[in-house]
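*Asks:* Reproduced below are the annotations present in TrEMBL:
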- A:THR100, A:SER101, A:PHE128, A:PRO129, A:THR130, A:ASP131, A:ASP200, A:HIS203, A:TYR225, A:TRP255, A:THR281: pyridoxal 5'-phosphate binding site (BINDING)
- A:LYS226: N6-(pyridoxal phosphate)lysine (MOD_RES)
There are 2 protein chains.
Amino acid sequence: MTAIPDLAAIEARDAADPLRHMRDRFVLPKGVIYLDGNSLGAASKDVFIELEKAAKEEWAEGLIRSWNKAGWFDLTLELGDKVGRLIGAEPGETVVCDTTSTNIYKALHAALSMRPDRSVIVAEGSSFPTDLYMAEGVAATRPGVTIRLEGVAAENIEDLIDDSVAVVLVNHVNYKSGELRDMAALTAKAHAVGALVVWDLCHTAGAMPVDLNGANADLAVGCTYKYLNGGPGAPAFVYAAKRHHDQIQQPLSGWWGHARPFAFTQGYEASPGIRRFLCGTQPILSLRALKGALDVWDDVDLDLLRKKSIELTDLFIELVEARCGEFGVKLECPREGARRGSQVSFSHENSYEIMQALIERGVIGDFRAPNVMRFGFTPLYVGYRDVWDAVEVLRDILATGAWQDKRFAVRAAVT
Amino acid sequence: MTAIPDLAAIEARDAADPLRHMRDRFVLPKGVIYLDGNSLGAASKDVFIELEKAAKEEWAEGLIRSWNKAGWFDLTLELGDKVGRLIGAEPGETVVCDTTSTNIYKALHAALSMRPDRSVIVAEGSSFPTDLYMAEGVAATRPGVTIRLEGVAAENIEDLIDDSVAVVLVNHVNYKSGELRDMAALTAKAHAVGALVVWDLCHTAGAMPVDLNGANADLAVGCTYKYLNGGPGAPAFVYAAKRHHDQIQQPLSGWWGHARPFAFTQGYEASPGIRRFLCGTQPILSLRALKGALDVWDDVDLDLLRKKSIELTDLFIELVEARCGEFGVKLECPREGARRGSQVSFSHENSYEIMQALIERGVIGDFRAPNVMRFGFTPLYVGYRDVWDAVEVLRDILATGAWQDKRFAVRAAVT
């Protein structure tokens, strides 16, 4: 066993961290080590400024005039491009709107409309469930559409992709295990048999560089409230490669996706470009908060972000195994940093209770059924010392059995 | 010609107005007479308080814990019931979520799922267009579904409703003409042949008492950013009568509508009750602002609201016709108050330019193609003197031709 780093070495890493200054952009509660930014990102000061401006100036003073004067109507595209820069999209390929679930629905319909002779959707049995529920929703009204699940119909998703497949719906990083898929390879595999791929980027947008266009991706969706720090339930995004835009049809064909939304014509005519993924009027206050959150990213080098993310998660694994290994915690995510998202999962037979005890002590991660403790590491506001301190709290809880009075706590969690 | 009221009489009406104190709950810009609350309602002070609390306490300090501790997850139902009280719904029949367009989509699918042997959707050619676009979206993926339009297939909607009709999608008040439909009569007509009705309440929720259950209504949708003052793009609502809940199926079957959203099971199982209309994670900041807006309604008597609404609109019609009739303005909404929403429409061949001139002078209404000036009267913050002053500004613009330099302004508007 090699020696683990000591506290002086940890603090030296914080001091040398080129992203350290980003932490000052965020407001974090005192006494908390926040390892749940992969569920709900923290608030930045930029958000408060934008939100107050949106409510008190644009809405209260500007009233209806702000739809044009404050640029509300184009916010979905403006913010889409800000997200697009972080996921390898060109301007005009990403739009922010609605929810991830709804955008999955649109993207699946769009893919099916581009492959009218095919009727199979391939997805992952281990997916975050809403992806599967939305695929079910698409299949429920679209005649002949069937769903093939990895882990059910075959062990590996690659073995499910043949020339009957219209679209593969796949998570870039698995919400529970943190496993990262090879976007370029899987996309190439699907394209080789004429299938399209919808990437769910919920756990990679803002967690690492994503290169949709580099991977020749077709469609993608994701949320903005995890690593992008857009706020609780902040509107989601949807991406489509430019080469597909003209062929995309999706049934949530509301007036915001119309070619001429203010002509008030009787018949629907899809807008050119990514705007055809829009449907109804978007929640502007939440969008304006998101704008503040995305402005923070203007100053972030995503390669540095990824480097720090791997260092933080590597360190967490190393320290937990060294300091807590004797108490029966077991690594449940890839050990190799390059194959992992910005999160670490450990199992223990009392994971739920241990996580409750951690939260009570100010170390906030989350629990995923049946027995996983999930810890997210947002490189913008988590430091190396945080990792050290979190592990010491975990060790103390395990060593003293301080989780045992949590056994009867009500279980509830939100991803 | 009877004499129009004089300014003293107008001011006496303001002094005697039992809703006058409600105006103090709102923040309105100086020098503005706001007659566009039917497009975007004004901000209340309550909204600012809730929004700041949501952002700075619940999100920034509470972080992920606020999903439970601050009640975020149940906000859609809590606010649904607050809206429900204003539209004649029982608790548990209304939920706030997504957009009006998306909720129309869900409601139409729900109705079609309850009438599997029928395939006709009846709608209004004069509808706000997104209702028609969403019906098109439903028909595009659901085999055999066709749309019959009032004004195209027949002059009156009643003549289109026969036993092939699954669902009638109809606006309670028309967005442009302001005409109010008889909810109970049309619902009975549809029920007599086994059809269901989806009511679009965008222009009646918060504008007058609505009695969905009294009318034996099936389904309804509406927005919260007009008369309910929830803020730009605030999430919409959807209602279903309790007797229908168990039969409702809708394809936006996301995890928030699942019977056990946190069990993370592979298969979708619809939640009991109105929650099955939920899909994805909702924009909490916009919802928390909406909570502030809806709290204002706890103190409002809707019968008094309707009485004042009719008085304001009657007065506006009377004064415009008396003071501006000579300049070619023509009433384009019902003259009888009981048949009208809380808005008045006048046409003029230069409506667009006149409206631009009005807005420049601080009288904010809006323009609807091709030639309608639309004025909304929100009884919570519009007074009788406002009506008088607005008409005087309109008269001055018409008499002096001050609208003529607006001819080349770019046309843009948002409902």
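Yeah, the Cβs are placed from backbone N, Cα and C, and that goes for glycine too.
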*Asks:* In Å, rounded, how far does the Cα of A:THR281 (pyridoxal 5'-phosphate binding site) sit from the Cα of the residue listed as 'N6-(pyridoxal phosphate)lysine'?
*Replies:* 23
*Asks:* Other than its own, how many Cβ atoms are within 10 Å of the Cβ belonging to A:LYS226 (N6-(pyridoxal phosphate)lysine)?
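*Replies:* Taking every protein chain into account, the count is 28.
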*Asks:* Provide the list of recorded positions among A:THR130, A:ASP200, A:LYS226 whose C-beta sits under 8 Å from chain B at the C-beta level, in sequence order; use 'none' for an empty result.
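*Replies:* Cβ contacts with B, in sequence order: A:THR130.
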*Asks:* Within the chain of A:THR100 (pyridoxal 5'-phosphate binding site), which residues six or more apart in sequence place their C-beta under 8 angstroms from its C-beta?
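*Replies:* When sequence neighbours closer than 6 are ignored, A:THR100 (pyridoxal 5'-phosphate binding site) has A:THR130, A:ASP200, A:CYS202, A:VAL221, A:GLY222, A:CYS223, A:ALA236 within Cβ distance under 8 Å.
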*Asks:* At the level of the C-alpha atoms, what whole-angstrom distance separates A:LYS226 (N6-(pyridoxal phosphate)lysine) and A:PHE128 (pyridoxal 5'-phosphate binding site)?
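*Replies:* A:PHE128 (pyridoxal 5'-phosphate binding site) has its Cα 14 Å from the Cα of A:LYS226 (N6-(pyridoxal phosphate)lysine).
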*Asks:* Taking the residues A:THR100, A:SER101, A:PHE128, A:PRO129, A:THR130, A:ASP131, A:ASP200, A:HIS203, A:TYR225, A:TRP255, A:THR281 listed for pyridoxal 5'-phosphate, what is the greatest CA to CA distance in Å, to the nearest whole number?
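*Replies:* Among the residues the record ties to pyridoxal 5'-phosphate, max Cα distance equals 30 Å.
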*Asks:* Could you check what DSSP calls A:THR130 (pyridoxal 5'-phosphate binding site) once collapsed to helix, strand or coil?
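*Replies:* Helix, per DSSP.
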*Asks:* Highest Cβ count within 10 Å among the binding-site residues A:PHE128, A:TYR225: which residue is it?
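*Replies:* The largest 10 Å Cβ neighbour count belongs to A:TYR225.
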*Asks:* Among the binding-site residues A:THR130, A:THR281, which residue has its Cβ surrounded by the fewest other Cβ atoms within 10 Å?
*Replies:* A:THR281
